[in-house]
Amino acid sequence: MSEGNAAGEPSTPGGPRPLLTGARGLIGRRPAPPLTPGRLPSIRSRDLTLGGVKKKTFTPNIISRKIKEEPKEEVTVKKEKRERDRDRQREGHGRGRGRPEVIQSHSIFEQGPAEMMKKKGNWDKTVDVSDMGPSHIINIKKEKRETDEETKQILRMLEKDDFLDDPGLRNDTRNMPVQLPLAHSGWLFKEENDEPDVKPWLAGPKEEDMEVDIPAVKVKEEPRDEEEEAKMKAPPKAARKTPGLPKDVSVAELLRELSLTKEEELLFLQLPDTLPGQPPTQDIKPIKTEVQGEDGQVVLIKQEKDREAKLAENACTLADLTEGQVGKLLIRKSGRVQLLLGKVTLDVTMGTACSFLQELVSVGLGDSRTGEMTVLGHVKHKLVCSPDFESLLDHKHR
């Protein structure tokens, strides 16, 4: 038989047993929560273990796996993504923004090697693509501003010429200044006279002096200073004459001056490539070459030199002449100068004057690629020797 509850409903087997109203105060029994909606449950819950030990619940021990911590990546990548997302969001807002930009070019290198694409940003600001990465610190050199006094002091130091540029410089003969042929350069400078311009006196009708009664008054003369007396007694200064241009000197005048002066002077004498004279004899054996014939026999053939090579060997040069007197200089009454080399006559004329310095240097080379250079003197004049064709033709017709 099944028992019913207070409400008259049958109880299910194995379910919680209904409590009676009279059993509310029993010890160790927890009443079931009332089903009436108007009643609240008790604040303190009752224990059904009847004072026994609580049952332990066992939980499995899970072994935690150790994971090796990897170094964190730089946060700059996230920052770049955030900046790009912001730029994309900004481009979408507003009117006329975020439009695609098209750049047309004919070649790859048309914009130049250092030209970079520029992206249009907000607030009408151009942003380089290179600026999208992490910002780098740029050290800007600060220029020091000079005051007016420092600038004036630098100019004074530049204008100075009373100091030695090299403090360790010593007086050495090898460091002497170069001499240039500017002895007649004084005519380039203009000198002004200190005396005021005096108008020339024009001769006119002679005027008669008017007779005037001279009063008998004597003027007392004051003593003069020594400087004034010295100026009065000093002779007048001679007027400086500006040197004129150097005169064109003929060969005859030059040779006469050189014969009268005691100082020795070097002359540059230009001679023809080929000189009259006998070239030195050279014992040269003929060159023989072996040629194999059709029959297999070897034949020796002498090779003769070309005509030009023979003429070059028969020519006489200055190096082929012996040391000593080469010829004679003849000075005619007309001023013509000739050089006699055996039976050949050469005309001697003045060469073109040089505007630079010429020196005769003797160079002596050693075996170990070293040598010495000795300056023998300055060369001031140049003489050119050319063949006299009239005398050559007369000598040929004879």
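Note that Cβ sites are derived from N, Cα and C of the backbone, with glycine treated the same way.
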* To do: Going by Swiss-Prot, point out which residue in Lys68, Lys81, Lys144 is annotated as SUMO2 cross-link.
  => Lys68
* Structure fact -> Out of Arg90, Arg95, Swiss-Prot gives the annotation omega-N-methylarginine to Arg95
* **Residue carrying omega-N-methylarginine as stated in Swiss-Prot, selected out of Arg82, Arg97, Arg170** => Arg97
* Pick from 145-169, 220-244: which range does Swiss-Prot record as region 'Disordered'? -> 220-244
* Can you dig through Swiss-Prot and tell me which residue of Lys119, Lys247, Lys262, Lys302 is labelled SUMO2 cross-link? => Lys302
* Asked: What three-state class does DSSP give Lys160 (SUMO2 cross-link)?
  -> coil
* To do: Can you grab the distance from Lys152 (SUMO2 cross-link) over to Lys68 (SUMO2 cross-link)? Cα atoms, rounded to a whole Å.
  => 71
* Structure fact -> Note: among recorded sites Lys68, Lys396, least Cβ-dense neighbourhood at 10 Å is Lys68
* Asked: Among the recorded sites Lys152, Lys160, whose Cβ has the fewest other Cβ atoms within 10 Å?
  -> Lys160
